[in-house]
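Database features, via TrEMBL:
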type	residues	note
TRANSMEM	12-38	transmembrane segment
TRANSMEM	50-67	transmembrane segment
TRANSMEM	73-96	transmembrane segment
TRANSMEM	108-130	transmembrane segment
TRANSMEM	136-156	transmembrane segment
TRANSMEM	168-187	transmembrane segment
TRANSMEM	193-216	transmembrane segment
REGION	253-272	region 'Disordered'
Amino acid sequence: MAGGLSLDHPWAFAFGILGNAVSFMVYLAPLPTFYRIYRKKSTEGFKSEPYVVALFSAMLWIFYALIKKDAYLLITINSFGCVIETIYTLMFLLYASKKARVQTFKMIMLLNVGLSSLIVLCILLLISNASLRLQVLGWICVAFSVSVFVAPLSIIKQVIRTKSVEFMPFNLSFFLTLSAVVWFSFGLCSRDIYVALPNILGFTFGAIQMLLYIIYKDAKVPKSLETEGKSEAGKLSSVEIIVVNDTEVNDETERAKEADKANNMGIEKSHV
């Protein structure tokens with residue numbers, strides 16, 4: 001079977017199962033972020049783009065697997081991806097500001113509804129040859145996957161500029177790299193060039209991220225980041241001082257009131 005779910009291709013089957021397991025962990029990686037969003041009832045500075053794009057990618061690969069037939073291992077993990085990314089996106093819409101909510105909704109309509117529908121209609125209606133249909137859809141998946149893998153360039157640039165890996169979690173970089181290696185191996189063993197090709201780029205960028213982590217993991221935090229930290233600490237200190245001062249003022253006020261009451265009682269007794 002082309003999808004690797006066959007004893008005739010044991011290595012493809014093994015890498016497909018492993019790929020499902022690793023990708024499962026990658027999909028669950030944002031859970032702490034969304035627990036924080038749920039707890040604070042706010043999306044703060046987080047962006048919805050990664051989750052909307054990931055949802056579109058999963059939808060596209062499911063369509064590819066259905067056209068290819070027998071690619072069950074691609075369907076399983078991407079079906080889970082659709083479910084989890086939909087939950088992430090709905091939570092973002094629930095707790096985002098009005099402006100972020102409108103932008104996210106526009107992106108969903110443009111990408112997940114508009115573009116995905118256009119691709120499906122064009123593939124099914126304009127291309128009758130099954131082999132050509134699979135090739136065109138495969139290259140569309142490759143092109144989009146490459147654009148997704150290029151996204152970490154901004155993170156790599158930031159790490160080199162700040163010489164700090166504070167904003168590049170090692171665990172996520174590791175699992176993304178491992179996922180790229182496993183799915184490349186799956187594509188190679190199942191002779192699926194459209195799965196293998198984009199993961200070469202994914203492995204390359206993942207390896208660069210891990211190399212940068214090794215280089216800069218013991219580097220000191222840049223002064224700019226320290227200054228930001230100090231300014232935040234200063235704000236907290238100021239708040240604490242204000243609170244303490246308010247407490248002291250309240251204490252003094254209470255003492256003054258008690259003294260006034262005592263004086264008034266003394267005056268009343270003297271009149272008696």
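For all residues, glycine too, the Cβ spot is worked out from N, Cα and C.
Owing to the predicted nature of the structure, the values given are computational and were not obtained by experimental measurement.
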Listed stretch, out of 12-38, 50-67, 73-96, that has the most CB pairs under 8 angstroms to the transmembrane segment (168-187): 12-38
Tertiary contacts of the transmembrane segment (193-216) (same chain, 6+ residues out, Cβ under 8 Å): 64, 74, 138-139, 141-142, 145-146, 149-150, 152-153, 155-156, 159-160, 163-165, 168, 170, 173-174, 176-177, 179-181, 183-184, 186-187
Positions on the same chain near the transmembrane segment (136-156), where near means CB under 8 A and six or more residues out: 50, 53-54, 56-57, 60-61, 63-64, 67, 119, 123, 127, 167-168, 180, 193-194, 197-199, 201-202, 205-206, 208-209, 212
Positions whose Cβ lies under 8 angstroms from the transmembrane segment (50-67), at least six residues beyond its ends: 3, 30, 74-75, 78-79, 81-82, 85-86, 88-89, 92, 104, 107-108, 111-112, 115-116, 119-120, 123, 133-134, 137-138, 140-141, 144-145, 148, 151, 194
